[in-house]
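Asker: According to TrEMBL:
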{"type": "BINDING", "residues": "ASP26, HIS27, GLY28, LYS29, SER30, THR31, ASN142, LYS143, ILE144, ASP145", "note": "GTP binding site"}
{"type": "COMPBIAS", "residues": "608-618", "note": "compositional bias 'Basic and acidic residues'"}
{"type": "DOMAIN", "residues": "14-195", "note": "domain 'Tr-type G'"}
{"type": "REGION", "residues": "605-626", "note": "region 'Disordered'"}
Amino acid sequence: MKQQVNQPGSTPQSLIRNFCIIAHIDHGKSTVADRILQLSGVVDAHDMRNQFLDKMDIERERGITIKSQAVRVPWAVDGTEYTLGMIDTPGHVDFTYEVSRSLAACEGAVLLVDATQGIEAQTLSNLYMALDDDLEIIPVLNKIDLPSAEPEKYGEEIANLIGCDPDDILRVSGKTGEGIPELLDTIVKKIPAPHGDPDAPARALIFDSVYDSYRGIVTYIRMEDGEIHSRERVRQMGLGSAHDPIELGVISPDMQPTQSLGAGEVGYIITGVKDVSQSKVGDTITTEKNPATEVLPGYREPEPMVYAGIFPMDNVDYPDLRDALDKLVLNDASLVYQPETSVALGFGFRCGFLGLLHMQIIVERLRREFGLELITTAPNVHYRVIAEDSSEITVTNPSEYPEGKIRAVYEPVADADIITPKEFVGDVMDLCQEHRGNMKNMEYLSTERVDLHYELPLGEIVFDFFDQLKSRTKGYATLNYELSGEQEADLVKVDILIQGERVDAFSAIVHRDKAYAYGVMMTKKLQKLIPRQLFEIPLQAAIGARIIARETISALRKDVLAKCYGGDITRKRKLLEKQKAGKKKMKMLGRVEVPQEAFIAALSTDDTTDRDTREKIRAAKKKASL
Ligand SMILES: Nc1nc2c(ncn2[C@@H]2O[C@H](COP(=O)(O)OP(=O)(O)OP(=O)(O)O)[C@@H](O)[C@H]2O)c(=O)[nH]1
């Protein structure tokens, strides 16, 4: 590993450049970051592995970045060594909040565009976020080694978008390393040095944190003003908590302890504190001895897009689940959660996520990092419901949906940007139409590609819309969306009844047009999933008291209990005990035993469109109209 000349704590701000790499998913951020680490000597060739900064197993397995990673990199220009603070960011729309926090720690952004794909939806959203933060943008075309690369064509697109000269757009290959030294030179030349006051009282922004089971909370900070020394008591200004650091340092590429951190530098602090309520991302750190008076502008709280209940498979794990969420939220400030009780599933949490991928990642992390076995309920968006007496509630859980008459329901709507080759415009419009979309306008990015702006109900976008968009456009279209407001909608709550008993975990709030589909899908799924029992089990879907779908699980054999009619209770019990023996963990819903796996499978979002179900829905729709 290369010895760095500039030492943390004593690097003049004029020699520091903090930047992040932003791009649409898969355009090559992590690969370009790998080459930068290698070329700058931070990682030796034999230690190098792909996606070096993607530290989590889930990131490496899925090939996507979930967490931003900051690393200190030396780079010399004209004989002067500069210190680059590089942050590799995620590309998927669900992790935009992660990107926005990273941007606030930088003065510049490298905007990567895949030279075989051109501008995509998250290229635009990330660019606009960086421009909002007044960052210097360095446009770069990546993957120029590929034979299908069209740097001229896509360079033109980028130039039109950001208003630069096409010749100023750098061309690189993250794979071969071509153009990367020039990119680093440009970063040094174009991105402004940080401009904090090195002599002012210390102020550092917490842009991320993580829980380490041995060392407690690790906080990642970007120093704005002043200096923090190790062994100097620090204070979090927002929370008012004060602690003695046990270690201060920079990451290059691993944690390297240092004596101090100075203005403009990016590093970490470990205080040994294990109480997770003692740290908050977005807060400002100062020193006890010479405290700053004004906090740095933090982050806006993220707004969850989808909600779902998370329950431990075994209710004794509830305290562990709470503990795990408390720790996970340190590393994922966009997760929100509050306790929830379900008749069917027991104690758990209603959690808010930024999208379905985010939800999957959280559940996966809870499983892997905390060894929890979980049941997740079907995700939904939030609704504002006005009852007949004008009282108003925000519903994030179908079980909170008011009974009785409702005056109005409002659903969240989002502004969506869909970028597609022009031959698919018709298909995209059809798809948006089917999802209750409202077209706002359409812009040509070039002669071949179009940016369509739609207003769509959030509940229509967050679930399978993206998959359908991909399949109708042969994978070419890309989507980005953000919450823009709300609209009145014709929504109903569909309940699922098992042997006449409502099972709260299966209730859903859906558009009236889709109520049938949901009812049929759920009863059909449960019919396959719940094992036959000694008696017949009706499975029904209902809106209020009106049954809209029904399936039946026939009795396994003659009802053994029928014989005991009016008879001896101990005999009944014995028969039931016998039936239970050897069975796996079950949940009792009334008299019906439902295996845990049935909940998991019924609530999974994967197979909602299986052909069987669709046919059944079609048939049911023909028979009756809602
Ligand atoms: N041929 C070629 N392939 C590249 C280049 N850069 C990246 N790739 C490939 O493109 C794919 C995506 O690259 P990543 O670096 O993971 O992309 P990313 O932007 O970090 O992805 P997310 O973090 O998930 O948004 C990988 O298969 C890379 O090997 C390049 O310059 N040339």
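Cβ from N, Cα, C; glycine included.
Walk me through where these features lie, including what they touch and how far apart they are.
Answerer: DSSP assigns GLY28 (GTP binding site) to coil in the three-state reduction, outside any helix or strand. Neighbours of GLY28 (GTP binding site), defined as other CB atoms within 10 A of its CB across all chains, total 24.
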Asker: Please identify, from the binding-site residues SER30, ASN142, the residue with the sparsest Cβ neighbourhood, meaning fewest other Cβ atoms within 10 angstroms.
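Answerer: Comparing Cβ neighbour counts within 10 Å for the binding-site residues SER30, ASN142 gives SER30.
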Asker: Are there any residues in the same chain, six or more apart in sequence, whose C-beta is under 8 angstroms from the C-beta of ILE144 (GTP binding site), and if so which?
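Answerer: Non-local contacts for ILE144 (GTP binding site): ALA115, PRO151, ARG171, VAL172, SER173, GLU178, GLY179.
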Asker: Please report the three-state DSSP label of ILE144 (GTP binding site).
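Answerer: In the DSSP reduction, ILE144 (GTP binding site) maps to coil.
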Asker: Greatest CA-CA distance (Å) over the residues ASP26, HIS27, GLY28, LYS29, SER30, THR31, ASN142, LYS143, ILE144, ASP145 that the record ties to GTP?
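Answerer: Those residues reach a largest Cα separation of 17 Å.
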Asker: In the predicted model, what is the mean pLDDT computed over the domain 'Tr-type G' (14-195)?
Answerer: 88
